[in-house]
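Trainee: According to TrEMBL, the protein has these features:
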type     : residues         : note
BINDING  : C121, C123, C131 : Zn(2+) binding site
ACT_SITE : K196             : active site, schiff-base intermediate with substrate
BINDING  : R206, R218       : 5-aminolevulinate 1 binding site
BINDING  : E234             : Mg(2+) binding site
ACT_SITE : K249             : active site, schiff-base intermediate with substrate
BINDING  : S275, Y314       : 5-aminolevulinate 2 binding site
Amino acid sequence: MKDLQFKRHRRLRRTDSMRALVRETHLRTEDLIYPIFVVEGEDIKNPVASMPGVHQVSLDHLNEEMDELVSLDIKSVIVFGVPAEKDDVGSQAYHEEGIVQRAIRQIKKDFPSLTVIADTCLCQYTDHGHCGIVRDGDIANDESLTYITKTAITQAEAGADIIAPSNMMDGFVAAIRQGLDEAGFSHIPVMSYAVKYASSFYGPFRDAAHSSPQFGDRRAYQMDPANRLEALREAESDVEEGADFLIVKPALAYLDIMREVKDRFNLPLVAYNVSGEYSMIKAAAQNGWVNEEEIVLEKLTSMKRAGADLIITYFAKDAARYLNQ
Ligand code: PBG
């Protein structure tokens, strides 16, 4: 073995403290955003069958959830409403007394230090389950913008700190930005679901939010998983239209896209670690096939390594527990 030339990378891996010294990526509870599903009705704490550990809660159980988050040092939530009534124009999405508006008001009153992010979409609120208004079997893009903007404004009026539009209509950032500004909310940022793929990983969410399309699918507005340049075009136009944050969604199968978006644009980047990504790990862990704690921390860290500054994740509470240990 004389004269053998090689580098000794293992020098930096010798001990725990040495490894900590050279660790490049850190996951913090401040990076985590917890999604909550608020339903109309009383005394409801309904487990979502396909998402172990996740519940739909009514307003009278909402504060328990928030108490838990605060005790774990989680600082942000994204709120999804599950309304009792749906119609063809999603009226409950922009009703002042809609479930999401009431939930936001309650959280901001009782937990003023939490950052409340409002998901702005119509799919939970329309009887056809699409993210925009349907005319003659098609999604009417520009007409949808009017309703989506109304939704954003009522959410800001209710006290939302950030508006997060997920509907994938063209021009939604421009429309919402203008609507917020005209309504006196120029200080409220837009966290755009800029790069959102038509993904099978959303399956369990649609159980939780009752938002499955009743005909067709979302491929005429969400992106083809095969495309990368299109993701950059989507991000670019949202930056031009005034987005303050960019979301890439889903996360795990799209870490390459995250890295590219991060390298090209100077906005805070958010990974949406979606429902299917959660359920797969929960199911495997329940079978004893993977070590849940290790795998959760590994995958959340990999999203940060890929460039995400923040992560929307159903694992937020679990991860915070592990991090606080
Ligand atoms: C609403 C919306 C969806 C998700 C977040 N916002 C569903 C969809 O587009 O079908 C999915 C989140 C998840 O799977 O965790 N448009």
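Placement of Cβ uses the backbone N, Cα and C atoms for every residue, glycine included.
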Trainee: Spatial neighbours of K249 (active site, schiff-base intermediate with substrate) among the recorded positions K196, R206, R218, defined as Cα within 10 A: which are they?
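Mentor: Within 10 Å of K249 (active site, schiff-base intermediate with substrate): K196.
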Trainee: List the other residues in this chain whose Cβ sits within 8 Å of the Cβ centroid of the Zn(2+) site residues C121, C123, C131, in sequence order.
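Mentor: Not counting the recorded site residues, we get L122, Q124, T126, H130, G132, S166, N167, S211.
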Trainee: Taking Cα-Cα distance, which of the binding-site residues C121, C123, C131, R206, S275, Y314 are within 10 Å of E234 (Mg(2+) binding site)?
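Mentor: Neighbours among binding-site residues: none.
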Trainee: Here are the recorded positions: K196, R206, R218, K249. Which has the lowest count of other Cβ atoms within 10 Å?
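Mentor: Lowest Cβ count within 10 Å among the recorded positions (K196, R206, R218, K249) is R206.
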Trainee: Are there any residues at least 6 positions away along the chain from C121 (Zn(2+) binding site) with a Cβ closer than 8 Å to its Cβ? List them or say none.
Mentor: A93, C131, I148, T151, P165, S166, N167
Trainee: Near ligand 1, which of the recorded positions C123, K196, E234 have CB less than 6 Å from any of its atoms?
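Mentor: Cβ < 6 Å from ligand 1, in sequence order: C123.
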Trainee: Sort C131 (Zn(2+) binding site) into helix, strand or coil using the DSSP assignment.
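Mentor: For C131 (Zn(2+) binding site) - judged by DSSP and reduced to three states - the answer is coil.
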Trainee: Using the structure shown, find which entry in C123, C131, Y314 (the binding-site residues) has the sparsest Cβ neighbourhood within 10 Å.
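Mentor: Per-residue Cβ counts within 10 Å for the binding-site residues C123, C131, Y314 bottom out at C123.
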Trainee: Can you tell me whether DSSP puts K196 (active site, schiff-base intermediate with substrate) in helix, strand or coil?
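Mentor: Reduced to three states, the DSSP call for K196 (active site, schiff-base intermediate with substrate) is strand.
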Trainee: Going by DSSP, give the three-state secondary structure for Y314 (5-aminolevulinate 2 binding site).
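Mentor: DSSP assigns Y314 (5-aminolevulinate 2 binding site) to coil.
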Trainee: Which of the three DSSP-derived classes (helix, strand, coil) applies to K249 (active site, schiff-base intermediate with substrate)?
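Mentor: Assignment for K249 (active site, schiff-base intermediate with substrate) reads strand.
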Trainee: May I ask which of the recorded positions C123, K196, Y314 is closest to R206 (5-aminolevulinate 1 binding site) if we compare their C-alpha atoms?
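Mentor: Of all the candidates listed, C123 is nearest in space.
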Trainee: Give me the count of other Cβ atoms within 10 A of the Cβ belonging to S275 (5-aminolevulinate 2 binding site).
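Mentor: Here the count is 25.
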Trainee: Check the Cα-Cα distances from S275 (5-aminolevulinate 2 binding site) to the recorded positions C123, K196, R218 and tell me which is shortest.
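Mentor: Going through C123, K196, R218 one by one, the Cα closest to that of S275 (5-aminolevulinate 2 binding site) is K196.
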